[in-house]
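Encoded as structure tokens, the structure appears first; notes follow it.
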Amino acid sequence: MKGLRLLLKLLLVASTLGTQGQRQVYFREEFEDGDGWKKRWVESKHQPDYGKFQLAAGKFYGDKEKDKGLQTSEDAKFYALSARFTPFSNVNETLVVQFSVKHEQGIDCGGGYVKLFPATLNQEDMHSESKYYIMFGPDICGFGNNEVKIIFHHQEKYHVNNRTIKCKINKDTHLYTLILRPNATYEVKIDNELVISGELEDDWDFLPPRKIKDPYARKPRKWDERPQIEDPEDKKPEDWEDFEFIPDPEAKKPDDWNEAMDGEWEEPLIPNLKYKGQWKPRIIDNPNYQGEWVHPEIDNPEYKPDPTICHYYNISVLGLDLWQVKSGSIFDNFLLTNDEEFAEEVGNNTWGLRKDREKQWREVYEEIQKKKQAEEAKKKREKEKEREDDIWGLDEEDSEEDLEEEQGNDGQMLEDGAARAFRKNEL
Ligand SMILES: *[C@@H]1O[C@H](CO)[C@@H](O)[C@H](O)[C@H]1NC(C)=O
Ligand SMILES: *[C@@H]1O[C@H](CO)[C@@H](O)[C@H](O)[C@H]1NC(C)=O
Ligand SMILES: *[C@@H]1O[C@H](CO)[C@@H](O)[C@H](O)[C@H]1NC(C)=O
Ligand SMILES: *[C@@H]1O[C@H](CO)[C@@H](O)[C@H](O)[C@H]1NC(C)=O
Ligand SMILES: *[C@@H]1O[C@H](CO)[C@@H](O)[C@H](O)[C@H]1NC(C)=O
């Protein structure tokens, strides 16, 4: 009886303490239970032809089972898939958004980001216009357009980061982490290394600027901004010849010159042998130089601090709402928590443990692929030559089928070969 009462008391104390300060894991998905994810993730039906996600580890990986994630499987498609969790708020709490993505296909144009949605989202109708709170992750399209986008919803508008954060564009798996703190600072890490940090207010246009140029300040009329001037003391020498041409002193007016008909006679011009070019005074440092005038700033009367920036309530869905030209990206290791250090540890124990093996395997895979391609090209050349030599030719359709079959087998052999070579490498 006594024990029970004590327990109840303790529970009461615990509940009044609330959840603040304790580690919270709001969502974690590492796809470790086979087809189980199909029950947790909902495909949108907003469009009839969204691309299909499949569970796969890809062509190379650190661990065939543990590295399975959601892979986009169809080219030139929109994708819309999401998972729901118990609603939470990040007010007065740190929020960490973390996931890994591998663009093993060599992505040319496509999204690699996640979105966090409010509980009101209808997952079956999720689409690119659905209201979201946060979008975070790499977005790649075309040469040089490879950035980490961070978009926040605030007062019915979306605000995108105005400092550029480059993302990774190679084929390896990378870990992306966004940390939002209650003191309105943020951090982005890629592969558990800090790439950018700052204050939310400074790097998104949530609010008007804190300071503005004083509209009443004017540059004084006499403010001297010229670092150098012509020397006023310098004078043109008396004997300076600055006529490039002079009248020929030896020319004579022709005898038959008729002033009435021909106009007044003038000596023809000849080059002046003493010509020294245009005289210019020498340049000296301006003794009155005052430096560039700086417009004084004042506090912006329009500015009001807003403590609710990035305060979200009922965060409840994580979605992949993407467009991909070339498919093959694999998303894995999703984590939403309030604990920065825990997120780093989870990153270390998932992506971090397997990244080196994956990279080794990728290198072997690419090596074998290169060889196979060279062989195929050679075979093709030989076949073409045979065809040219054979005056009767071959049945077109048959030969194409042959080629397809062969390539299919080669593809399988290539993967087996890479796996074998990699295992051998490991021993
Ligand atoms: C956040 O903290 C402030 C100041 O301690 C408090 O007034 C407020 O109620 C808290 N809000 C939530 C949602 O916990
Ligand atoms: C915000 O919080 C972080 C982590 O608690 C701390 O390291 C940082 O100095 C704080 N920054 C400001 C501007 O308060
Ligand atoms: C980003 O936006 C803030 C707020 O509007 C502004 O003060 C800052 O100058 C901008 N920074 C850049 C690099 O554009
Ligand atoms: C969060 O969701 C609950 C349950 O639907 C609702 O009662 C509450 O008003 C929501 N809170 C906010 C701030 O939207
Ligand atoms: C994660 O790994 C890095 C590199 O090994 C290490 O420096 C860091 O302390 C680890 N972090 C945690 C939280 O375990």
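Backbone N, Cα and C atoms are what each Cβ position is placed from, and that goes for glycine too.
Remember, it's a predicted structure, so these values are computed and weren't measured experimentally.
What TrEMBL lists as signal peptide is 1-18.
Annotation source TrEMBL lists disulfide bond at Cys109-Cys141. In the three-state DSSP classification, Cys109 (disulfide bond) falls within a strand.
Feature annotation from TrEMBL assigns alpha-D-glucoside binding site to Tyr113, Lys115, Tyr132, Asp139, Asp321. The Cβ of Tyr132 (alpha-D-glucoside binding site) lies under 8 Å from the Cβ of Lys115, Leu116, Phe117, Pro118, Leu121, His153, Gly319, Asp321, each on the same chain and at least six residues away in sequence.
Feature annotation from TrEMBL assigns compositional bias 'Basic and acidic residues' to 218-238 (among others). DSSP labels the residues of the compositional bias 'Basic and acidic residues' (218-238) in these numbers: 0 helix, 3 strand, 18 coil.
Cβ atoms under 8 Å from those of the region 'Disordered' (218-256) belong to residues 265-272, 274-286, 288-293, 295 of the same chain, restricted to positions at least 6 beyond its ends. The feature region 'Disordered' is assigned by TrEMBL to 218-256 (among others).
Helix, strand and coil content of the compositional bias 'Basic and acidic residues' (371-390), in residues and according to DSSP, is 19 helix, 0 strand, 1 coil. Annotation comment: TrEMBL describes 371-390 (among others) as compositional bias 'Basic and acidic residues'.
For 371-427 (among others), the entry in TrEMBL reads region 'Disordered'.
Feature annotation from TrEMBL assigns compositional bias 'Acidic residues' to 391-408.
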Assuming the binding residues for alpha-D-glucoside are exactly those in the record, Tyr113, Lys115, Tyr132, Asp139, Asp321, what is the maximum CA-CA distance in angstrom, rounded? 17
Asp139 (alpha-D-glucoside binding site), Cβ-centred 10 Å count of other Cβ atoms over all protein chains shown, is 19
Close in space, distant in sequence - Cys141 (disulfide bond), Cβ under 8 Å, 6 or more apart: Asp108, Cys109, Gly110
List the residues in the vicinity of the alpha-D-glucoside site, defined as same-chain residues other than Tyr113, Lys115, Tyr132, Asp139, Asp321 with C-beta within 8 angstroms of the site's C-beta centre. Gly111, Val114, Met135, Phe136, Gly137, Lys149, Ile151, Gly319, Leu320, Leu322
